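J.: Below you will find the structure I want to go over with you.
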Amino acid sequence: MDYQIILVLLAVGLIAGCLNTLAGGGSLLALPVLMIFLGLPHNVANATNRVAIVLQNIFAVLGFKSKGVSVYPFNVWLGISAFFGSIVGAFLAVDINEELFNKILAFVIVGVVVYMAINPLKYFKKEENTSKKATLTSIFIFFFIGIYGGFIQAGVGYLMIMALTLVNGFSLVKTNSIKVFVALTYTSVALAIFIYYDIINWEFGIPLAIGQAVGGWLSSRWSVKLGDNWIRYFVMVTASAFAIKLFFF
């Protein structure tokens with residue numbers, strides 16, 4: 001493989017890893033790069049991206065743990081729920097029609113870009129709530145988040161942030177800590193299914209995973225989101241271009 005491709009995958013992985021850990025949307029960069037620029041079939045790109053997601057979240061979980069951030073056992077209950085949802089989503093992703101997948105991904109990208117531009121949760125303040133009712137509500141919601149995450153992954157971080165903020169009122173630090181643990185849990189089962197069906201391009205997946213692991217580790221340990229704004233704007237612009245490509249070309 002050309003060293004330039006390796007460098008591109010490492011760079012994309014680094015940005016995606018930072019973005020996924022701090023908020024979400026890293027797959028909005030990784031998937032189009034794998035599909036549009038590197039020519040992978042849609043299902044192979046989707047599966048290959050999961051190698052990076054798993055490794056990134058392993059390092060992100062360790063990074064949060066090293067900083068003493070933990071929401072145990074709440075995160076475990078959500079992880080179990082998303083785990084079972086992911087099984088459904090991953091099987092849906094294995095044989096989905098390419099044109100349909102591209103259209104779904106394009107709609108997801110547009111939706112997330114609009115969400116990133118508006119950033120509605122910055123106006124929302126709520127006290128932390130881990131009551132039985134709130135916990136059961138989140139467990140129920142995260143089953144469906146697991147289905148979506150197992151299916152396409154892109155933008156799932158924003159769904160988790162919305163649920164954890166609106167239902168449980170967690171701080172951003174705790175929310176991200178829960179998010180990376182849940183993502184690691186459900187993505188592991190999705191990855192296992194994709195490995196079974198042998199639709200992973202390991203040559204591209206490994207350098208992408210290394211980049212995302214570094215991004216996940218560094219961003220999980222940042223107490224201040226250094227450079228977060230420019231990353232967000234960069235993703236909004238590039239993701240919009242990718243959406244146009246997926247819609248019309």
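Quick reminder: no glycine exception, Cβ is built from N, Cα and C everywhere.
Small disclaimer: the values here were computed from a predicted structure and weren't measured.
In case it helps, TrEMBL gives these features for our protein:
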| type | residues | note |
| --- | --- | --- |
| TRANSMEM | 76-94 | transmembrane segment |
| TRANSMEM | 100-118 | transmembrane segment |
| TRANSMEM | 139-166 | transmembrane segment |
| TRANSMEM | 178-197 | transmembrane segment |
| TRANSMEM | 230-248 | transmembrane segment |
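Give me the lay of the land around each of these features.
T.: Long-range Cβ contacts of the transmembrane segment (76-94) within its own chain (Cβ-Cβ under 8 Å, at least 6 residues beyond either end) map to 43, 46-47, 135, 138-140, 142-152, 178, 181-182, 184-187, 189-190, 193-194, 197, 199.
Under 8 Å from some Cβ of the transmembrane segment (139-166) lie the Cβ atoms of residues 20, 23-28, 31, 46, 49-50, 53, 77-78, 81-90, 92-93, 101, 104-105, 108-109, 111-112, 115-116, 121, 124, 126, 172, 174-176, 178-179, 182-183, 186-187, 189-190, 193, all in the same chain and six or more residues away from its ends.
For the transmembrane segment (178-197), the residues of the chain that approach it from at least six positions outside its boundaries are 20-21, 24, 46-47, 50-51, 53-54, 57-58, 60-61, 64, 71, 74-76, 78-80, 82-83, 85-87, 89-91, 93-94, 142, 145-146, 149-150, 153, 156-157, 160-161, 164, 170, 216, 220, judged by C-beta separation under 8 angstroms.
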